[in-house]
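According to TrEMBL, the features are:
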ACT_SITE  Tyr193  active site, proton donor
ACT_SITE  Lys264  active site, proton acceptor
BINDING   Arg246, Asn501, Asn545  (S)-malate binding site
BINDING   Glu336, Asp337, Asp360  divalent metal cation binding site
DOMAIN    170-351  domain 'Malic enzyme N-terminal'
Amino acid sequence: MFSLNTTTFLNNSLSGVVLQQQRRVAAPPLVVAAAAANGRKGGDQNVTVLVENSVKEIRDASPAAVTPVEKESKLNVSGGVGDVYGEDTATEDQSITPWTVSVASGYPLLRDPHYNKGLAFTEREKDTHYLRGLLPPVVISQELQVKKMMANIRQYQVPLQRYMAMMDLQERNERLFYKLLIDHVEELLPVVYTPTVGEACQKYGSIFRQPQGLFISLKEKGKILEVLKNWPQKKIQVIVVTDGERILGLGDLGCQGMGIPVGKLSLYTALGGIRPSSCLPVTIDVGTNNEKLLNDEFYIGLRQRRATGQEYAELIDEFMSSVKQTYGEKVLIQFEDFANHNAFDLLANYGSTHLVFNDDIQGTASVVLSGLIAAQKLVGGTLARHTFLFLGAGEAGTGIAELIALEMSKQTGAPVEETRKKIWMVDSKGLITRSRMEGLQHFKRPWAHEHEPVRNLVDAVKAIKPTVLIGSSGAGRTFTKEVVEAMASFNEKPIILALSNPTSQSECTAEEAYMWSEGRAIFASGSPFDPVEYNGKVYASGQANNAYIFPGLGLGLIISGAIRVHDDMLLAASEALAAQVTEENLEKGLIYPPFSIIRKISAKIAADVAAKAYELGLATRLPEPENLVAYAESCMYSPAYRSYR
């Protein structure tokens with residue numbers, strides 16, 4: 001899509017348009033409406049310019065560009081409508097030019113998701129923007145639209161149908177989509193993101209309708225800078241990028257992992273207030289090793305095995321340098337669902353040169369640490385008194401462990417090398433010990449301690465006697481009855497976090513955790529679970545959802561103009577979130593606050609992250625605002641409809 005201003009359209013755009021049949025040069029349409037922002041905050045207010053020209057006036061302005069098109073008989077067009085671009089008269093084997101004009105009036109306005117308001121256009125707006133007759137006579141409020149849409153969505157029993165209904169709404173009425181998501185965040189968050197987005201990615205080839213982000217494949221190598229320029233929005237502040245190799249707990253979904261960046265960025269807007277026009281979803285397509293997808297006729301990505309080594313590294317490096325060149329130093333690049341062998345390297349390679357953040361490593365770590373800090377109000381003491389055991393030593397598990405070690409070091413003053421000794425890990429080969437050091441990947445080595453070999457999780461629980469059990473393995477139902485009962489045997493209130501997504505991959509359910517621990521567990525999960533009743537008491541388990549952290553973190557980085565992400569910012573985000581947990585939440589067994597107040601939570605996280613950026617000298621937006629919370633709230637996008645002149 002592109003906009004044509006009046007001068008360009010009349011003087012330049014038509015000079016090279018030649019009809020393929022009879023080599024006739026066509027006249028332009030008689031009415032063109034071009035949209036332009038008026039410079040007010042958010043760039044959402046529209047100024048509409050109506051250009052009306054007769055054929056004679058156009059011919060006078062550019063006589064060489066127009067030949068008589070009023071000879072209808074020669075054009076062989078009936079119905080009184082001239083085939084001005086030669087589309088109808090061209091044969092099937094002839095090429096035509098796909099003329100597209102971005103407009104802000106009439107029928108195209110109703111097809112523009114950024115400005116369409118559906119039945120909420122006022123009577124004056126219908127007259128001003130040539131909408132009379134294109135809409136029913138009724139005028140309804142945005143609130144009534146929300147009510148109607150929720151009624152429609154609730155009629156769908158299949159989660160994927162609800163997801164598709166929400167995506168359809170986003171594609172036709174952007175503000176209504178975000179209004180719906182903000183007002184009903186607890187109900188719709190599982191629809192637009194975990195767990196439903198996992199199924200959406202698995203079936204993305206079948207449900208794909210319109211591009212919602214940029215697909216950059218090996219075919220674009222050497223041309224990524226040009227590809228970025230194809231994206232219509234130019235002031236990008238946040239990019240979420242994936243290569244689709246490790247989508248949630250579902251594995252390699254290749255190009256169909258696009259559902260993840262799209263979903264994440266919708267949460268950046270709804271929960272963190274980042275303007276949708278400043279968000280860019282990107283999928284890097286280097287192939288897939290998923291044989292099922294390679295043989296699927298509906299698969300939308302490259303049909304080849306994954307590129308690795310130098311070919312992969314060169315494509316990523318070109319992407320990173322092109323993003324920085326196009327959008328500047330302060331664009332936040334969030335890595336999402338990369339496999340372990342690439343995720344850590346990307347952070348290490350670009351952490352010192354770009355504003356980068358890995359949600360699987362750092363975001364998960366921050367939200368889990370927040371839950372553990374809040375849980376201390378229930379069990380007493382500090383983090384340093386705990387012993388932690390992880391099932392899963394990948395990017396999520398080791399990222400969480402490192403942030404816990406940093407927080408304990410901060411609280412106690414002990415070196416981080418010492419605090420790491422309180423944290424143990426079990427991977428597919430058993431307990432990670434020093435005897436296995438030579439065969440360990442580099443990110444596992446800090447967690448190899450002196451201990452005799454232990455092969456399975458239940459034996460590790462009995463040997464280590466942890467007070468906190470954390471699952472990040474991506475393997476469902478691995479916290480068995482024997483494991484949970486062992487935790488409950490030596491802990492009055494065992495802390496059990498089953499973090500793997502989607503729901504089918506969760507290490508245990510909320511019901512299992514409460515029943516097997518006789519109602520004593522402090523439980524949270526990565527995917528949502530319904531409240532559980534046990535012995536007459538209702539337990540409402542918390543969800544350790546990254547959506548608590550990354551929207552506020554991103555907002556804080558943006559409002560401060562930060563140029564790098566520092567570990568202290570992640571600690572600040574964790575502590576800010578934990579501070580929002582009330583006594584009322586804790587009485588219900590919740591170690592996270594309700595999502596219903598997520599925008600207030602995000603503003604507080606953003607303020608603390610921004611304050612840390614200023615403290616560390618990494619902020620560029622000067623001077624520092626006096627009230628960062630109020631400033632963060634003032635910068636947040638509102639989905640309320642705007643009035644059009």
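Each Cβ is built from the backbone N, Cα and C atoms, and glycine gets one as well.
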Starting from Lys264 (active site, proton acceptor), work out which of the recorded positions listed here (Tyr193, Glu336, Asp337, Asp360, Asn545) have their Cα within 10 Å, and give them in sequence order.
Tyr193, Glu336
What are the sequence-distant neighbours of Arg246 ((S)-malate binding site), meaning same chain, six or more residues apart, C-beta distance under 8 angstroms?
Asp252, Asp337, Phe338, Ala339, Asn340, Asp360
How many whole Å apart are the CA atoms of Asn545 ((S)-malate binding site) and Tyr193 (active site, proton donor)?
10
Applying the rule Cβ within 8 Å of the centroid of the Cβ atoms of Glu336, Asp337, Asp360, what extra residues of the same chain belong around the divalent metal cation site?
Thr242, Arg246, Ile247, Ile260, Phe335, Phe338, Ala343, Asn358, Asp359
Over the domain 'Malic enzyme N-terminal' (170-351), what is the model's mean pLDDT?
95
Can you count the other CB atoms that lie within 10 A of the CB of Asn501 ((S)-malate binding site)?
24
Do you know offhand how many angstrom separate Asn501 ((S)-malate binding site) and Tyr193 (active site, proton donor) by C-alpha?
11
Express in Å, rounded to the nearest integer, the largest CA to CA distance found among the (S)-malate-binding residues Arg246, Asn501, Asn545 named in the record.
18
Spacing of the two Cα atoms, Tyr193 (active site, proton donor) and Glu336 (divalent metal cation binding site), in whole angstrom, works out to 13
Is it possible to get the count of other C-beta atoms within 10 angstroms of the C-beta of Asp360 (divalent metal cation binding site)?
23
